[in-house]
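Undergrad: One structure, pasted below without further comment.
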Amino acid sequence: MTSQHKSFGVREQADKYTEFVSRGFGKDLAKRLGLPQPAILRRYSPQAPLVEGPILVVGAGAGADAVATVLLGWHQDVRRHATPKEKLGAIVVVLDELEHPTGLSAPMLAVGSALRDLNRNARVVSISRQATTDDEPGIAAARAGVDGIIRSVAKELRAGATANGVVLANGIAADSPSVMSALRFFLSGRSAFVDGQFLTASSEGSTEAPDWEAPLKGSVAVVTGAARGIGAAIARTLARDGATVIAVDVPAAGDHLAAVANQIHGTALQLDITHPQAGERILEHAIQRYGRLDIVVHNAGITRDKLLANMDAARWDSVIAVNIDSQLRMNKAFLASEHFTQNPRIVSVASTSGIAGNRGQSNYAASKAGVMGMVRSTAPLLAARGGTVNAVAPGFIETDMTAKIPFATREVARRLNSLQQGGKPSDVAETIAFFASPNAAGVSANILRVCGQNLVGQ
Amino acid sequence: MTTPTAAGSENVGTKTTGARSAGIRKAVVVGGNRIPFARSGGAYAHSSNQDMLTAALDGLVARFGLADEEIGEVAAGAVLKHSRDFNLTREAVLGSALAATTPAYDLQQACATGLEAVIGLSNKIKLGQIDSAIAGGVDSASDAPIAVSEGLRTILLDLSRAKSLGDKVKIASRIRPKHLSPDAPSTGEPRTGLSMGEHQALTTAQWKISREAQDELAFASHKNLAAAYDNHFFDDLLTPFRGLSRDSNLRADTSVEKLAKLKPVFGKELGDAATMTAGNSTPLTDGASTVLLASEDWAAARDLPVLAEVVDGEAAAVDFVHGKDGLLMAPAFAVPRLLARNGLTLDDIDYFEIHEAFAGTVLSTLAAWEDEEFGTTRLGLDGAFGSIDRAKLNVNGSSLAAGHPFAATGGRLVASLAKMLHERGAVDGRPARGLISVCAAGGQGVVAILEAR
């Protein structure tokens, strides 16, 4: 306990299998036997370049030109045409002007011919428009088509490369700040374990010059369940991005909580979030100590797995109480507070179990699907005060909890995604930090999976 | 210096200008943190004093966001201490999340160590010598130092001074089997050879404290402590350690009937008149506690909460070797002096925190205060000192339930009382007021007054 505080940040290693097949004999063996060859993923650090190599911007319209201009402003090496054999760090395909599925051909074939030139851990990011029921059927078909393309390309890519897309609501320009912040997230190492997913930008976002180095500077964040695992990673990541963090967990986890709080120069608040006054207690602490509260991360959650046929009230009720009822109650308190009105952010941790369901987790899936429902209906309440609310849905993440899964089951579970490995707590944390940032002002009501494109669910 | 009072006050004025320029200001309690107390040989059997004190400090730092902050001074101590722990508190600070530039010192006044640390550091804050401080205490009965026998120690020291091989062989040959039995620490008083429990048994009998009264006090202690946990009272006073999140001595399901069944363990030579059992005496315990003290400005500058003011403190001692008073009766003298100095009576106190070394200790003290003869002959009053409303006594439990890691008890009492006073706020238009009383080995006692903020 004594030597930990002085070091800062998280050091996480790839799993042993991934290390083994990444070099030398193990690499040859895996190749010969056709075994999965997960890559060591490129993860974010403030010092690392945004992408490793030039960015090819595909698309003929004004939107593509505007996006290329923004990328140049970020001091990126931008190409409007691929040079054969030149290695690329990313491909950005701008499809905001699509009018018919036949219009997909030219840009996608251009992307396809450049895919072989992608570096390891490269990115493919699409920018397209949302398909709605108001659209003319041909336009809707074209826009919806992008969804299928990106999810397929994500499965085609190898060596840690990912494909994701930004979807623009009607009337939003391709180069508006919220779209660019989402694009930057997908290009960067922050999205290492996000694959085959879409972020929707529903408004233009903030026009203030973004601080990409310390986006959360000056803000105060509360993270529940911060004593260990994903919650501790969220607390550390928000602190690295400049936030002052109030780390919350149940009193029984106070020793681990204290270690996290001290490491990031935050404060530890021992609190059971199912307490009726939990929201008020958090506000009271934040206001007294820091005079403000900007970011709420609802991470605390429990599992009490049992087949529904064998379920008892204690298991069912405790999962609902901790995972969703507490969030609903705390959000009410936050929304009632005059101190949570300056562009506030709420980010909840959902789960792929809430999207695809999971045998033996009917109670947990109910709570996590419930979180998603809550996020969508809370978004308009926050929009009124310039705020956003989003959720992340982690897939298989390497934590103390998943380390307890029997070896064979765990080994299968962590390979069942396009990146053929489990994610890190920091992958979930980076996504949350993105949602929490002022740059993501126009991104609300999103449920983003951090699952390496897990084979189950959407 | 011919007239002590006048010259004395002038001296203060001229010699301590630094302090005078700062004025006598107030010292406040910001909050506290302790680790749960564990019965000896239990959860902390393999934890050292330094481990526990460091953990208690780190929990305090985390609660108030003080990582890498330089504190004015940290003072703490342990009653049972290894010789290698000569700089225990400073070492704990160096291992903690506090800035390494935080000075620290050890002090020791037996079971009053923690409270004396609070009083001493508060005085430094009041004088303007420091702006912030952490008072603490720690004790491990599990990891107690064991020394070699006095005979062997003498031989080993002679051996280290021997120059030739011949001398060394000659000295080493003095070692006999009897020298090899180790010398473990005990709670025995050096001057009487009696254990603390045996001493209290004499006092308990002297004040005619009944077995039932002692068991009732013990039961109330467990009941009150259990209720405090259930009401989340300790959520911001305690940080778990080594898998323990509640005091392991707490028996929430105990009853007066269960306590009545225990056999006496002290004063057994009294036969049927023996009243002191394992249930109404504190067990040997491991644990650590800390209290964050500050000047009002320091707390305000950091937007820290302020729970209570440390108003005043007093120490007393009794001649238990030759005199009429029991070993643990010094607070019976310290409290009247302290209250008189502050123009207060027992009626002006809203919460009493009287350390339960033994149920008999608390009850003997209260009996002495209610005794007219004790009041007139020993305290020099017109009659009995007074009685207290038992509903104000140890309302969130005390040492009989929580346990008593000697030096850590003072910090536990101060932090809990400060929180209670803050929650109570005002009484009859004045700040709620609390009294702490701690008895200690050697016939000593330390007491203090806190007021709500």
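Note that the numbers count up from 1, one per residue, in the order the chain is shown.
Keep in mind that glycine also has a Cβ here, set from the backbone N, Cα and C atoms.
Below are the features I grabbed from TrEMBL:
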type     : residues  : note
ACT_SITE : B:Cys111  : active site, acyl-thioester intermediate
ACT_SITE : B:His404  : active site, proton acceptor
ACT_SITE : B:Cys439  : active site, proton acceptor
DOMAIN   : B:28-297  : domain 'Thiolase N-terminal'
DOMAIN   : B:307-451 : domain 'Thiolase C-terminal'
Undergrad: Between the Cα atoms of B:Cys439 (active site, proton acceptor) and the residue listed as 'active site, acyl-thioester intermediate', what distance do you get, rounded to the nearest Å?
TA: 7
Undergrad: Using other CB atoms within 10 angstroms as the count, which residue among the active-site residues B:Cys111, B:Cys439 scores least?
TA: B:Cys111
Undergrad: To the nearest Å, how far is the Cα of B:Cys111 (active site, acyl-thioester intermediate) from the Cα of B:His404 (active site, proton acceptor)?
TA: 9
Undergrad: Please work out the number of neighbouring Cβ atoms within 10 Å of the Cβ of B:His404 (active site, proton acceptor), leaving out its own Cβ.
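TA: Total other Cβ atoms inside 10 Å, all chains included: 26.
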Undergrad: Taking DSSP three-state, what's B:Cys111 (active site, acyl-thioester intermediate) in: helix, strand or coil?
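TA: Once the DSSP labels are grouped into three classes, B:Cys111 (active site, acyl-thioester intermediate) ends up as strand.
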Undergrad: Go ahead and report the DSSP secondary structure tallies for the domain 'Thiolase C-terminal' (B:307-451): helix first, then strand, then coil.
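TA: For the domain 'Thiolase C-terminal' (B:307-451), the helix, strand and coil counts are 59 helix, 37 strand, 49 coil.
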Undergrad: Across the domain 'Thiolase C-terminal' (B:307-451), what does the mean pLDDT come to, as a whole number?
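TA: Taking every residue of the domain 'Thiolase C-terminal' (B:307-451) together, the mean pLDDT is 96.
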